[in-house]
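> One structure, as C-alpha coordinates, below. Some questions next.
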Amino acid sequence: MKKAQAVLADKRKIAKDTYEMELTVEEMNVIPTPGQFAHIRIGNGSAHMLRRPISIADVDPIQNTLTIIFKVIGGGTNELSHCQVGDELDVLIGCGQGYPVEDLAIQKALLIGGGIGVPPLYYLAKRLREQGIEVTSILGFQTKEHVFYEKEFSLLGGVQIVTNDGSYGHKGFVTDVVPPVSDFGSYFTCGPTGMLKAVTHQLKGQKGYISIEERMGCGIGACYACVVPIADGEGFRKICKDGPVFKAEEVVL
Ligand code: FES
(Lines of atoms letter the chains of each structure in order from A and count residues from 1; the text may use other names and numbers.)
(Lines give C-alpha, C1' and ligand atoms only; values in the text may rest on other atoms or scores of the structure.)
Protein backbone atom coordinates (compact mmCIF):
# COMPACT_ATOMS: atom_id res chain seq x y z
CA MET A 1 0.00 0.00 0.00
CA LYS A 2 1.38 3.39 -1.00
CA LYS A 3 0.19 6.93 -0.59
CA ALA A 4 0.02 8.91 -3.80
CA GLN A 5 -1.14 12.26 -5.07
CA ALA A 6 -3.57 11.99 -7.95
CA VAL A 7 -5.25 14.48 -10.23
CA LEU A 8 -8.77 14.02 -11.52
CA ALA A 9 -8.25 13.84 -15.29
CA ASP A 10 -11.74 12.87 -16.42
CA LYS A 11 -15.17 12.29 -14.92
CA ARG A 12 -18.47 11.04 -16.30
CA LYS A 13 -21.77 9.79 -14.96
CA ILE A 14 -22.22 6.28 -16.38
CA ALA A 15 -25.49 5.19 -14.73
CA LYS A 16 -27.96 6.31 -12.08
CA ASP A 17 -25.95 7.74 -9.14
CA THR A 18 -22.82 6.08 -10.57
CA TYR A 19 -19.63 7.89 -11.57
CA GLU A 20 -16.49 6.86 -13.41
CA MET A 21 -13.35 8.91 -12.79
CA GLU A 22 -9.93 8.68 -14.34
CA LEU A 23 -7.14 9.67 -11.99
CA THR A 24 -3.61 10.47 -13.07
CA VAL A 25 -1.28 9.28 -10.34
CA GLU A 26 1.93 11.21 -9.85
CA GLU A 27 4.03 8.12 -9.20
CA MET A 28 2.46 4.67 -9.62
CA ASN A 29 5.02 2.95 -7.41
CA VAL A 30 2.64 0.09 -6.71
CA ILE A 31 0.43 -1.41 -9.40
CA PRO A 32 -2.90 -2.53 -7.88
CA THR A 33 -4.06 -6.07 -8.55
CA PRO A 34 -7.72 -6.64 -9.51
CA GLY A 35 -9.87 -6.60 -6.38
CA GLN A 36 -7.63 -4.25 -4.41
CA PHE A 37 -9.24 -0.91 -3.64
CA ALA A 38 -8.20 2.73 -3.61
CA HIS A 39 -8.63 4.46 -0.25
CA ILE A 40 -9.38 8.08 -1.05
CA ARG A 41 -9.38 10.98 1.36
CA ILE A 42 -12.50 12.99 0.79
CA GLY A 43 -13.12 16.54 1.83
CA ASN A 44 -10.84 19.44 2.56
CA GLY A 45 -11.70 20.62 6.02
CA SER A 46 -15.25 19.38 5.49
CA ALA A 47 -17.32 16.95 7.57
CA HIS A 48 -16.23 14.02 5.38
CA MET A 49 -12.52 13.87 6.11
CA LEU A 50 -12.42 10.08 6.33
CA ARG A 51 -11.00 8.02 3.53
CA ARG A 52 -13.46 5.99 1.50
CA PRO A 53 -12.71 2.62 -0.10
CA ILE A 54 -13.41 2.97 -3.82
CA SER A 55 -13.37 0.22 -6.46
CA ILE A 56 -10.71 0.21 -9.11
CA ALA A 57 -12.14 -0.61 -12.54
CA ASP A 58 -8.95 -0.29 -14.55
CA VAL A 59 -5.26 0.53 -14.30
CA ASP A 60 -2.88 1.80 -16.95
CA PRO A 61 0.64 1.57 -15.50
CA ILE A 62 2.14 3.15 -18.63
CA GLN A 63 -0.05 6.25 -18.57
CA ASN A 64 -0.07 6.19 -14.73
CA THR A 65 -3.86 6.24 -14.60
CA LEU A 66 -6.43 4.59 -12.35
CA THR A 67 -10.09 4.34 -13.32
CA ILE A 68 -12.39 4.31 -10.32
CA ILE A 69 -16.14 3.74 -10.26
CA PHE A 70 -18.41 4.49 -7.32
CA LYS A 71 -22.05 4.97 -6.48
CA VAL A 72 -23.23 7.95 -4.45
CA ILE A 73 -24.50 6.39 -1.23
CA GLY A 74 -23.80 9.10 1.36
CA GLY A 75 -22.14 12.40 2.12
CA GLY A 76 -18.58 11.26 1.33
CA THR A 77 -19.29 9.73 -2.06
CA ASN A 78 -21.56 12.67 -2.86
CA GLU A 79 -18.69 15.03 -2.16
CA LEU A 80 -16.35 12.91 -4.29
CA SER A 81 -18.86 13.05 -7.16
CA HIS A 82 -18.60 16.85 -7.11
CA CYS A 83 -14.83 16.90 -7.60
CA GLN A 84 -13.83 18.69 -10.77
CA VAL A 85 -11.27 17.85 -13.43
CA GLY A 86 -7.92 19.18 -12.20
CA ASP A 87 -8.69 18.64 -8.51
CA GLU A 88 -6.02 16.86 -6.48
CA LEU A 89 -6.84 13.77 -4.45
CA ASP A 90 -4.89 12.00 -1.71
CA VAL A 91 -5.08 8.28 -2.51
CA LEU A 92 -3.78 5.08 -0.91
CA ILE A 93 -3.34 2.53 -3.68
CA GLY A 94 -2.75 -1.21 -3.50
CA CYS A 95 -5.03 -1.64 -0.45
CA GLY A 96 -6.14 -5.08 0.70
CA GLN A 97 -5.78 -8.44 -1.02
CA GLY A 98 -7.00 -8.87 -4.59
CA TYR A 99 -7.80 -11.86 -6.80
CA PRO A 100 -4.89 -14.30 -7.33
CA VAL A 101 -4.58 -13.52 -11.03
CA GLU A 102 -1.06 -14.84 -11.46
CA ASP A 103 -1.59 -18.25 -9.87
CA LEU A 104 -4.59 -19.53 -11.79
CA ALA A 105 -4.25 -22.71 -13.81
CA ILE A 106 -7.59 -22.39 -15.58
CA GLN A 107 -8.81 -21.89 -19.13
CA LYS A 108 -12.25 -20.41 -18.47
CA ALA A 109 -13.51 -18.07 -15.77
CA LEU A 110 -17.02 -17.18 -14.70
CA LEU A 111 -17.39 -13.62 -13.36
CA ILE A 112 -20.52 -12.70 -11.40
CA GLY A 113 -20.99 -9.08 -10.34
CA GLY A 114 -23.78 -7.16 -8.69
CA GLY A 115 -24.20 -3.37 -8.79
CA ILE A 116 -21.15 -1.55 -7.56
CA GLY A 117 -19.43 -4.96 -7.31
CA VAL A 118 -19.11 -4.92 -11.10
CA PRO A 119 -16.13 -2.49 -11.50
CA PRO A 120 -13.35 -4.67 -9.97
CA LEU A 121 -14.46 -7.52 -12.22
CA TYR A 122 -13.76 -5.43 -15.31
CA TYR A 123 -10.10 -4.97 -14.36
CA LEU A 124 -10.02 -8.67 -13.44
CA ALA A 125 -11.54 -9.65 -16.81
CA LYS A 126 -8.88 -7.66 -18.66
CA ARG A 127 -6.05 -9.28 -16.72
CA LEU A 128 -7.52 -12.77 -17.22
CA ARG A 129 -7.85 -12.17 -20.97
CA GLU A 130 -4.19 -11.07 -21.09
CA GLN A 131 -3.35 -14.54 -19.82
CA GLY A 132 -5.48 -16.24 -22.48
CA ILE A 133 -8.25 -17.17 -20.03
CA GLU A 134 -11.74 -17.15 -21.54
CA VAL A 135 -14.14 -14.93 -19.61
CA THR A 136 -17.93 -15.11 -19.26
CA SER A 137 -19.62 -12.40 -17.20
CA ILE A 138 -23.00 -12.19 -15.52
CA LEU A 139 -23.79 -8.68 -14.31
CA GLY A 140 -26.75 -7.83 -12.10
CA PHE A 141 -28.31 -4.40 -11.54
CA GLN A 142 -31.47 -3.03 -9.93
CA THR A 143 -32.94 -1.51 -13.10
CA LYS A 144 -31.98 -0.50 -16.65
CA GLU A 145 -30.97 2.93 -15.33
CA HIS A 146 -28.28 1.32 -13.17
CA VAL A 147 -26.63 -0.74 -15.94
CA PHE A 148 -23.07 0.17 -16.95
CA TYR A 149 -20.05 -1.35 -18.76
CA GLU A 150 -22.09 -3.87 -20.78
CA LYS A 151 -20.20 -2.96 -23.95
CA GLU A 152 -16.82 -2.95 -22.19
CA PHE A 153 -17.39 -6.48 -20.83
CA SER A 154 -18.75 -7.69 -24.18
CA LEU A 155 -15.41 -6.82 -25.80
CA LEU A 156 -13.74 -9.30 -23.46
CA GLY A 157 -16.15 -12.25 -23.69
CA GLY A 158 -19.75 -13.34 -23.27
CA VAL A 159 -21.88 -11.13 -21.04
CA GLN A 160 -25.39 -11.47 -19.68
CA ILE A 161 -27.23 -8.61 -17.96
CA VAL A 162 -29.81 -9.24 -15.26
CA THR A 163 -32.06 -6.57 -13.75
CA ASN A 164 -34.21 -7.13 -10.68
CA ASP A 165 -37.24 -5.49 -12.25
CA GLY A 166 -36.73 -6.89 -15.75
CA SER A 167 -36.42 -3.44 -17.33
CA TYR A 168 -33.32 -4.68 -19.21
CA GLY A 169 -31.88 -8.13 -19.89
CA HIS A 170 -33.05 -11.10 -17.87
CA LYS A 171 -35.51 -10.36 -15.06
CA GLY A 172 -34.53 -11.56 -11.60
CA PHE A 173 -31.22 -12.30 -9.90
CA VAL A 174 -27.77 -13.30 -11.12
CA THR A 175 -28.25 -16.74 -9.59
CA ASP A 176 -31.15 -17.33 -12.01
CA VAL A 177 -28.73 -17.47 -14.94
CA VAL A 178 -25.54 -18.93 -13.42
CA PRO A 179 -24.52 -21.91 -15.58
CA PRO A 180 -23.02 -25.12 -14.18
CA VAL A 181 -19.63 -24.00 -12.95
CA SER A 182 -18.18 -27.37 -13.95
CA ASP A 183 -17.86 -25.70 -17.38
CA PHE A 184 -15.42 -23.23 -15.82
CA GLY A 185 -12.17 -23.54 -13.92
CA SER A 186 -13.21 -21.07 -11.25
CA TYR A 187 -15.72 -18.37 -10.44
CA PHE A 188 -15.08 -14.82 -9.22
CA THR A 189 -17.82 -12.77 -7.64
CA CYS A 190 -18.21 -9.31 -6.14
CA GLY A 191 -21.34 -7.59 -4.91
CA PRO A 192 -23.67 -7.12 -1.95
CA THR A 193 -23.47 -9.71 0.83
CA GLY A 194 -26.92 -11.15 0.00
CA MET A 195 -25.80 -11.83 -3.56
CA LEU A 196 -22.50 -13.36 -2.43
CA LYS A 197 -24.38 -15.65 -0.06
CA ALA A 198 -26.72 -16.79 -2.82
CA VAL A 199 -23.89 -17.32 -5.32
CA THR A 200 -21.65 -19.26 -2.93
CA HIS A 201 -24.62 -21.38 -1.85
CA GLN A 202 -25.51 -22.18 -5.44
CA LEU A 203 -21.90 -22.94 -6.40
CA LYS A 204 -21.03 -24.76 -3.17
CA GLY A 205 -18.07 -27.08 -3.59
CA GLN A 206 -16.77 -25.23 -6.67
CA LYS A 207 -13.52 -23.33 -6.71
CA GLY A 208 -14.29 -19.65 -6.36
CA TYR A 209 -13.31 -16.29 -4.96
CA ILE A 210 -15.55 -13.67 -3.38
CA SER A 211 -14.93 -9.98 -2.84
CA ILE A 212 -16.88 -8.55 0.09
CA GLU A 213 -18.27 -5.03 -0.05
CA GLU A 214 -18.35 -3.64 3.42
CA ARG A 215 -18.51 -0.22 4.98
CA MET A 216 -15.04 0.35 6.37
CA GLY A 217 -13.57 2.55 9.06
CA CYS A 218 -9.80 2.94 8.92
CA GLY A 219 -9.38 0.69 5.86
CA ILE A 220 -5.87 -0.32 6.97
CA GLY A 221 -6.51 -3.01 9.58
CA ALA A 222 -6.43 -0.84 12.71
CA CYS A 223 -10.03 -0.42 13.91
CA TYR A 224 -11.71 -3.86 13.68
CA ALA A 225 -14.82 -2.33 12.08
CA CYS A 226 -14.88 -4.77 9.18
CA VAL A 227 -14.33 -8.25 10.62
CA VAL A 228 -15.88 -11.41 9.21
CA PRO A 229 -15.81 -14.86 10.87
CA ILE A 230 -13.68 -17.55 9.29
CA ALA A 231 -15.32 -20.81 8.30
CA ASP A 232 -13.55 -23.09 10.78
CA GLY A 233 -14.93 -21.02 13.68
CA GLU A 234 -11.48 -20.09 14.94
CA GLY A 235 -11.45 -16.31 14.76
CA PHE A 236 -12.02 -13.73 12.07
CA ARG A 237 -10.52 -11.92 9.12
CA LYS A 238 -10.40 -8.19 8.48
CA ILE A 239 -12.08 -7.36 5.18
CA CYS A 240 -9.93 -4.28 4.58
CA LYS A 241 -6.58 -5.99 5.18
CA ASP A 242 -7.01 -9.76 4.76
CA GLY A 243 -9.61 -9.20 1.98
CA PRO A 244 -11.72 -7.87 0.42
CA VAL A 245 -11.07 -10.98 -1.72
CA PHE A 246 -11.28 -14.38 -0.01
CA LYS A 247 -11.56 -17.95 -1.17
CA ALA A 248 -15.27 -18.75 -1.28
CA GLU A 249 -15.03 -21.35 1.49
CA GLU A 250 -12.74 -19.29 3.75
CA VAL A 251 -15.22 -17.00 5.52
CA VAL A 252 -18.83 -17.06 6.77
CA LEU A 253 -21.02 -14.40 5.20
FE1 FES B 1 -10.50 -0.75 10.22
FE2 FES B 1 -10.90 -2.88 8.62
S3 FES B 1 -11.76 -0.93 8.47
S4 FES B 1 -9.79 -2.81 10.51
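Cβ from N, Cα, C; glycine included.
Take a look at what TrEMBL says about it:
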- 1-102: domain 'FAD-binding FR-type' (DOMAIN)
- Arg52, Pro53, Ile54, Ser55, Gly76, Thr77: FAD binding site (BINDING)
- Cys218, Cys223, Cys226, Cys240: [2Fe-2S] cluster binding site (BINDING)
> As a test of the contact definition, list every same-chain residue at least 6 positions from Ile54 (FAD binding site) whose Cβ is closer than 8 Å to its Cβ.
Phe37, Ala38, His39, Ile40, Ile68, Ile69, Phe70, Leu80
> What is the number of residues in the domain 'FAD-binding FR-type' (1-102) that are helix, strand and coil, as DSSP sees it?
9 helix, 53 strand, 40 coil
> Filter the candidate list Thr77, Cys218, Cys240 of binding-site residues, keeping only entries whose CB is under 6 Å from an atom of ligand 1.
Cys218, Cys240
> Other than Cys218, Cys223, Cys226, Cys240 themselves, what residues in this chain have Cβ atoms within 8 Å of the centroid of the [2Fe-2S] cluster site's Cβ atoms?
Met216, Gly217, Gly219, Ile220, Gly221, Ala222, Tyr224, Ala225, Lys238, Ile239, Lys241
> Radius 10 Å, atoms counted are CB only; among the binding-site residues Gly76, Cys218, Cys223, Cys226, Cys240, which position scores highest?
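Counting Cβ neighbours within 10 Å, the top one is Cys240.
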> Across all chains shown, how many C-beta atoms besides its own are within 10 angstroms of the C-beta of Arg52 (FAD binding site)?
22
> So which one is it: of the binding-site residues Pro53, Ser55, which has the fewest other Cβ atoms within 10 Å?
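So among Pro53, Ser55, the binding-site residues given, the one with the fewest Cβ atoms within 10 Å is Pro53.
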> Expressed to the nearest Å, what is the distance separating Cys218 ([2Fe-2S] cluster binding site) and Ser55 (FAD binding site) at their Cα atoms?
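Checking the Cα atoms of Cys218 ([2Fe-2S] cluster binding site) and Ser55 (FAD binding site) gives a distance of 16 Å.
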> Rounded to the nearest angstrom, how far is the Cα of Cys226 ([2Fe-2S] cluster binding site) from the Cα of Gly76 (FAD binding site)?
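Rounded to a whole number, the Cα-Cα distance is 18 Å.
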> Quick one: Cα separation, Thr77 (FAD binding site) versus Cys240 ([2Fe-2S] cluster binding site), in Å?
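Rounded to a whole number, the Cα-Cα distance is 18 Å.
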